[in-house]
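K.L.:
Below, the features straight out of Swiss-Prot:
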- 10-201: domain 'tr-type G' (DOMAIN)
- 19-26: region 'G1' (REGION)
- 19-26, 76-80, 131-134: GTP binding site (BINDING)
- Thr26: Mg(2+) binding site (BINDING)
- 55-59: region 'G2' (REGION)
- 76-79: region 'G3' (REGION)
- 131-134: region 'G4' (REGION)
Amino acid sequence: MAKSKFERNKPHVNIGTIGHVDHGKTSLTAAITKYFGEFKAYDQIDAAPEEKARGITISTAHVEYETPNRHYAHVDCPGHADYVKNMITGAAQMDGAILVVSAADGPMPQTREHILLARQVGVPAIVVFLNKVDQVDDAELLELVELEVRELLSSYEFPGDDIPIVKGSALAALEDSDKKIGEDAIRELMAAVDAYIPTPERPIDQPFLMPIEDVFSISGRGTVVTGRVERGIVKVGEEIEIVGIRPTTKTTCTGVEMFRKLLDQGQAGDNIGALLRGVDRNGVERGQILCKPGSVKPHRKFKAEAYILTKEEGGRHTPFFTNYRPQFYFRTTDVTGIVTLPEGTEMVMPGDNVTVDVELIVPIAMEEKLRFAIREGGRTVGAGIVASIVE
């Protein structure tokens with residue numbers, strides 16, 4: 001029912017609440033839906049359904065709401081581990097985040113951890129909601145907490161001095177007890193989110209990229225590669241590059257077909273077959289990508305932020321050490337890589353999230369924020385994201 005009433009003529013933005021346990025993320029989510037969406041009570045959001053992303057089970061609650069300017073899809077996770085998994089797997093892509101900090105406690109360990117994760121996985125912007133301000137009588141104390149939050153954000157390379165911080169009480173909003181710190185604060189928060197979190201560039205406006213899933217030879221016509229266009233547009237007659245695994249080559253797309261029909265272009269979201277000029281059936285393979293020339297480079301060495309599954313989640317039963325050699329599943333293929341642990345880290349236990357250095361045995365078309373699964377013999381044992389490219 002709720003699906004029908006959202007008009008799609010507004011820009012769509014994906015956001016989520018992050019922050020320390022019990023600082024009020026779920027209450028705030030409920031309060032936002034009260035004024036901007038179809039009201040969802042705290043316990044409706046807290047009973048988050050489980051879903052699978054890259055072979056990992058995550059509990060996530062999804063709500064949607066809209067301001068006069070935008071339509072929002074909002075994710076809230078019940079447990080800390082769910083946040084870690086969610087942000088690393090990209091199960092719920094975030095264009096921005098609302099960091100919830102209790103004014104009574106100030107920044108806590110998970111506050112720091114979520115900011116670090118947001119930095120590592122490339123969340124573009126953060127807005128802060130200083131919650132539970134009714135529990136703090138001293139204005140100076142409130143100012144101190146705000147300063148602390150700004151310094152913490154700056155220490156992780158977010159613009160701490162410029163980030164909007166809105167003070168209020170999610171509970172007051174839910175209980176209609178104090179309009180100023182309740183409803184008014186929630187409306188002020190959403191105005192800040194509207195203004196400060198940038199509208200994401202639509203996939204269709206980005207440079208063309210398509211992971212190759214399959215390769216066919218069609219007699220008399222040449223080689224066709226199939227896959228789902230990840231972003232951008234490819235037009236018949238355009239020059240494109242084949243990147244990854246082998247040296248980069250240029251070719252021309254001489255045909256695009258979808259559902260057995262010939263088209264003059266393929267665009268983000270389309271499952272297409274692309275006919276490639278002068279490419280031998282053996283000259284291209286699954287795991288490579290087609291892309292706009294010069295837009296993506298192949299790389300072997302990168303720093304990754306990774307989450308390692310627990311035994312209960314179907315992961316490893318034992319820790320791993322430096323020189324661990326699993327497969328890294330990028331887009332459509334597995335590539336073996338050698339893992340180097342950070343200095344001072346002797347081993348990584350199942351359930352840890354960790355920053356590691358990886359060197360692949362062959363180069364893969366790679367950009368920062370590219371996500372991957374870590375596998376051993378086809379079984380997923382972890383998930384990760386490229387935090388930065390080394391070479």
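Glycine too: its Cβ is placed from the backbone N, Cα and C atoms.
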K.L.:
Name the residues of the same chain, 6+ apart in sequence, whose Cβ is under 8 Å from the Cβ of Cys77 (GTP binding site)?
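P.N.:
Set apart from Cys77 (GTP binding site) by at least 6 residues yet with Cβ under 8 Å, we have Gly16, Ala48, Ile58, Ser59, Thr60, Ala61, Tyr83, Asn86.
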K.L.:
Report the same-chain neighbours of Gly19 (GTP binding site): residues 6+ apart in sequence with Cβ closer than 8 Å to its Cβ, ordered by sequence.
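P.N.:
Sequence-distant Cβ neighbours: Lys25, Leu99, Val100, Val101, Gln110, Thr111, His114.
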K.L.:
Sorry to bug you, but what's the C-alpha spacing from Thr26 (Mg(2+) binding site) to Val133 (GTP binding site), rounded to the closest Å?
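P.N.:
About 16 Å separate the Cα atoms of these two residues.
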K.L.:
Looking only at the region 'G3' (76-79), what are its DSSP counts of helix, strand and coil residues?
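P.N.:
Helix, strand, coil within the region 'G3' (76-79): 0 helix, 1 strand, 3 coil.
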K.L.:
Validating a neighbour-count step here. Other CB atoms within 10 A of the CB of Val133 (GTP binding site): how many?
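P.N.:
I count 23 other Cβ atoms within 10 Å of it.
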K.L.:
Mind checking which of Lys25, His80 has the fewest other CB atoms within 10 A of its CB? They're the binding-site residues.
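P.N.:
So among Lys25, His80, the binding-site residues given, the one with the fewest Cβ atoms within 10 Å is His80.
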K.L.:
By Cβ distance under 8 Å, which residues at least 6 away from the ends of the region 'G4' (131-134) in the same chain are close to it?
P.N.:
23-24, 27-28, 100-104, 142, 167-172, 178, 181
K.L.:
Specify the secondary structure state of Asp22 (GTP binding site) as given by DSSP, simplified to three classes.
P.N.:
coil
K.L.:
Could you tell me how many residues in the region 'G4' (131-134) are helical, how many are strand and how many are coil under DSSP?
P.N.:
2 helix, 1 strand, 1 coil
K.L.:
Is it possible to list how many residues within the region 'G2' (55-59) are helical, extended or coil according to DSSP?
P.N.:
0 helix, 4 strand, 1 coil
K.L.:
Once the chains shown are all counted, how many other Cβ atoms turn up within 10 Å of the Cβ of Thr26 (Mg(2+) binding site)?
P.N.:
23
K.L.:
Which three-state DSSP class does His80 (GTP binding site) fall into?
P.N.:
helix
K.L.:
Give me the CA-CA distance between the residue listed as 'Mg(2+) binding site' and His80 (GTP binding site), in Å, as a whole number.
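P.N.:
About 13 Å separates the two Cα atoms.
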